[in-house]
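**Q** Feature list, courtesy of Swiss-Prot:
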BINDING   His70, His108, Glu143  Zn(2+) 1 binding site
BINDING   Glu143, Asp176, His210, Glu255  Zn(2+) 2 binding site
BINDING   His179, Asp223, His225  Zn(2+) 3 binding site
Amino acid sequence: MIKIGSHVRFRKPDYLFGAIQESLENKANTAMIFLGPPQSTFRVKPENYKLQDYQKHFFKQIPPEDIIVHAPYIINPASPIKAQFSNDFLVKEIEKINYIGAKFLVLHPGFFTSFTKEVAKKQLISSLKSILEKTKNVILLLETMSGKGSEMCANFEEIVEIVEAVESPRIGICLDTCHVWDAGYDLKNFPEFCKEIRRTRLINYLKVIHLNDSLSPLGSKKDRHANIGKGFIGLESLRKIIFDPLFANIPKILETPYVDNKPIYDQEIALLLKKV
């Protein structure tokens with residue numbers, strides 16, 4: 001089954017009900033939300049989410065297990081200085097996700113900043129273990145990054161090494177096509193790209209795909225998303241991910257730019273699903 005959707009707005013007054021309604025209007029069957037502003041740890045109380053309205057009207061069209069939550073960008077579980085704040089926040093975030101019944105929490109691995117990468121790697125593994133020990137049900141997904149600055153997890157070997165070191169069935173990977181392209185993985189050479197995903201064992205842990213085009217050339221380490229078919233990756237390569245059996249049943253989530261201050265996810269989903 002093809003699962004495709006996008007980031008949708010989780011905002012007052014309708015929160016979860018409104019987000020899933022927007023997804024269905026886009027002809028999606030999966031969705032991704034932030035539980036607050038992406039650049040903030042501010043959160044409203046779960047009783048404001050309009051969970052019962054969602055359950056009454058949309059539960060069957062997009063069930064909770066097909067709702068993906070993204071952690072805010074500003075936390076850094078790989079930093080020995082910031083890890084405690086990040087970990088405490090994520091434990092509370094997972095409690096809110098359990099209230100919804102969602103399955104996955106996507107997390108940027110963080111930056112090693114002034115520390116060595118090895119120190120940051122050990123801290124990240126420790127953070128993930130601590131968060132999982134204090135929570136239940138939700139699966140943490142580390143996201144593949146572009147390698148901008150001191151970002152962690154910009155290559156497949158590193159992210160798989162970290163995931164395997166955590167040693168938990170509740171840890172996995174979210175692959176972002178823009179990020180991995182910018183990190184140097186050539187999606188235009190699709191057979192080789194799939195071979196690399198298998199060789200590094202990343203496929204064993206892949207639970208969600210962020211499907212984005214890139215404004216930047218291969219290996220640029222920029223992390224600038226483009227609309228589908230408007231970037232350097234191109235529609236043909238991104239469409240292959242939709243239909244290739246290797247990625248069957250994995251939710252594909254669009255995080256592409258707005259056009260004229262409006263999302264065009266409905267158009268992009270239709271474009272991707274159109275067989276040529």
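The backbone N, Cα and C atoms fix where each Cβ goes, and this holds for glycine too.
Keep in mind that what you see is a predicted model, and the values were worked out from it rather than measured.
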**Q** Between His108 (Zn(2+) 1 binding site) and Asp223 (Zn(2+) 3 binding site), what C-alpha distance do you get in Å?
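**A** Given the Cα positions, His108 (Zn(2+) 1 binding site) is 13 Å from Asp223 (Zn(2+) 3 binding site).
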**Q** Quick check for you: of the binding-site residues His70, Glu143, His179, which have their Cα within 10 Å of the Cα of His210 (Zn(2+) 2 binding site)?
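**A** Hits: Glu143, His179.
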**Q** Can you name every residue in this chain, apart from Glu143, Asp176, His210, Glu255, with its Cβ inside 8 Å of the center of the Cβ atoms of the recorded Zn(2+) 2 site?
**A** Val106, Thr144, Cys174, Leu175, Thr177, Cys178, His179, Ile209, Asn212, Ile253
**Q** Taking the centroid of the Cβ atoms of His179, Asp223, His225 (Zn(2+) 3 site), which other same-chain residues have Cβ within 8 Å of it?
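**A** The answer, listed by sequence position, is Ser146, Asp176, Cys178, Asp182, Asn212, Ser214, Lys222, Arg224.
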**Q** Taking the Cα atoms as reference points, how far is His225 (Zn(2+) 3 binding site) from Asp176 (Zn(2+) 2 binding site) in Å?
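**A** Each residue's Cα considered, His225 (Zn(2+) 3 binding site) and Asp176 (Zn(2+) 2 binding site) end up 10 Å apart.
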**Q** Distance between Asp176 (Zn(2+) 2 binding site) and Glu143 (Zn(2+) 1 binding site) at the Cα atoms, whole Å?
**A** 7
**Q** What count of other C-beta atoms do you get within 10 angstroms of the C-beta of His108 (Zn(2+) 1 binding site), across all chains shown?
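**A** There are 24 of them.
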**Q** Looking only at C-alpha atoms, tell me how far Asp223 (Zn(2+) 3 binding site) is from Glu255 (Zn(2+) 2 binding site), rounded to the nearest Å.
**A** 12
**Q** In Å, rounded, how far does the Cα of His70 (Zn(2+) 1 binding site) sit from the Cα of Glu255 (Zn(2+) 2 binding site)?
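**A** That comes out at 11 Å between the alpha carbons.
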**Q** Have a look at the binding-site residues (Asp176, Asp223, Glu255) and report the one with the fewest Cβ neighbours inside 10 Å.
**A** Glu255
